[in-house]
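Asks: Supplied in structure tokens, the structure appears directly below.
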Amino acid sequence: MRIMLLGSPGSGKGTQAKYLTERFGIPQISTGDMLRAAVREGTPLGMEAKKIMDAGQLVSDSIILGLIKERIAAPDCANGFLLDGFPRTIVQADALAELGVTLDHVVEIAVDDEEIVRRLSGRRVHPASGRTYHVVFNPPKVEGRDDETGEPLVQREDDKEETIRRRLEIYHVQTKPLVDYYRSKAAQGGVKFHTVPGVGSVEAIRDAVLASLA
């Protein structure tokens, strides 16, 4: 089964991806992991990517596509895979299709922006230990203080509301159009497209995702 998950930052894609890969015995293909592995192994594409990254530039779509093509030819992808973090744009989706990479299911985990902001902006961290809290879902015993040390908790830059809204804006401009793209492909019979509400318990969302893939 070849699956791709779509959803905004904070929609719970990562949690569901982990479950699906275990459930179906398929690897999660993450572009970040692939790049790091290719650089570490010193493959030709990895060396090319390293030069670009060392210069502080973004790795081109053509290199990422080359890595994906190599990765899905590996034996552990014989029964399928789950794509993570690619494609992010319609140009990338078209390039993936031209490469001959077909998908069986595209699942959108839909959560509205205000819920995402509430989820992410409520996170607090104890820097020394890495312990995490949430002001609503997992609050510390004393507001703003770590349970074990009593030291102050901090809000990471990534979890500040303005940062989250910027990330959501980028998602809506670049990646959200893929929902219509794959919905249109599904109408032509090319792939099955499903939208699953990403609210409720992790288990309820998992069951809804599984039901959509049945």
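Cβ coordinates are placed from backbone N, Cα and C, and glycine is handled just like the others.
On a predicted model such as this, the values are computed, not experimentally measured, just so you know.
Feature table excerpt (Swiss-Prot):
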| type | residues | note |
| --- | --- | --- |
| BINDING | Gly10, Ser11, Gly12, Lys13, Gly14, Thr15, Arg123, Thr132, Tyr133, Gly200 | ATP binding site |
| REGION | 30-59 | region 'NMP' |
| BINDING | Thr31, Arg36, Gln57, Leu58, Val59, Gly85, Phe86, Pro87, Arg88, Gln92, Arg156, Arg167 | AMP binding site |
| REGION | 122-159 | region 'LID' |
Asks: Of Thr31, Gln57, Phe86, Arg88, Arg156, which binding-site residues are close to Arg123 (ATP binding site), meaning a Cα within 10 Å of its Cα?
Replies: Arg156
Asks: List, by number or range, the same-chain residues at least 6 past the region 'NMP' (30-59) whose CB is under 8 A from its CB atoms?
Replies: 66-68, 70-71, 84-86
Asks: With Cβ-Cβ distances below 8 Å as the criterion, list the same-chain residues six or more beyond the ends of the region 'LID' (122-159) that contact it, or say none.
Replies: none
Asks: What Cα-Cα separation, expressed in whole Å, is found between Gly14 (ATP binding site) and Phe86 (AMP binding site)?
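Replies: Answer for this pair: 13 Å between alpha carbons.
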Asks: Could you tell me which three-state DSSP class Arg156 (AMP binding site) falls into?
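Replies: Its secondary structure by DSSP: coil.
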Asks: Sorry to bug you, but what's the C-alpha spacing from Tyr133 (ATP binding site) to Arg156 (AMP binding site), rounded to the closest Å?
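Replies: Their Cα atoms are separated by 12 Å.
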Asks: Do you know the DSSP helix, strand and coil residue counts for the region 'NMP' (30-59)?
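Replies: Counting residues by DSSP class gives 22 helix, 1 strand, 7 coil.
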Asks: Please state how far apart, in Å and to a whole number, the two most distant Cα atoms are among Gly10, Ser11, Gly12, Lys13, Gly14, Thr15, Arg123, Thr132, Tyr133, Gly200, the recorded ATP-binding residues.
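Replies: Site span for ATP, by Cα atoms: 21 Å.
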Asks: Look up Gly14 (ATP binding site) in the DSSP assignment and report helix, strand or coil.
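Replies: Once the DSSP labels are grouped into three classes, Gly14 (ATP binding site) ends up as helix.
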Asks: Measuring Cα to Cα, how far is Arg88 (AMP binding site) from Gly10 (ATP binding site) in Å?
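Replies: Cα of Arg88 (AMP binding site) to Cα of Gly10 (ATP binding site) measures 16 Å after rounding.
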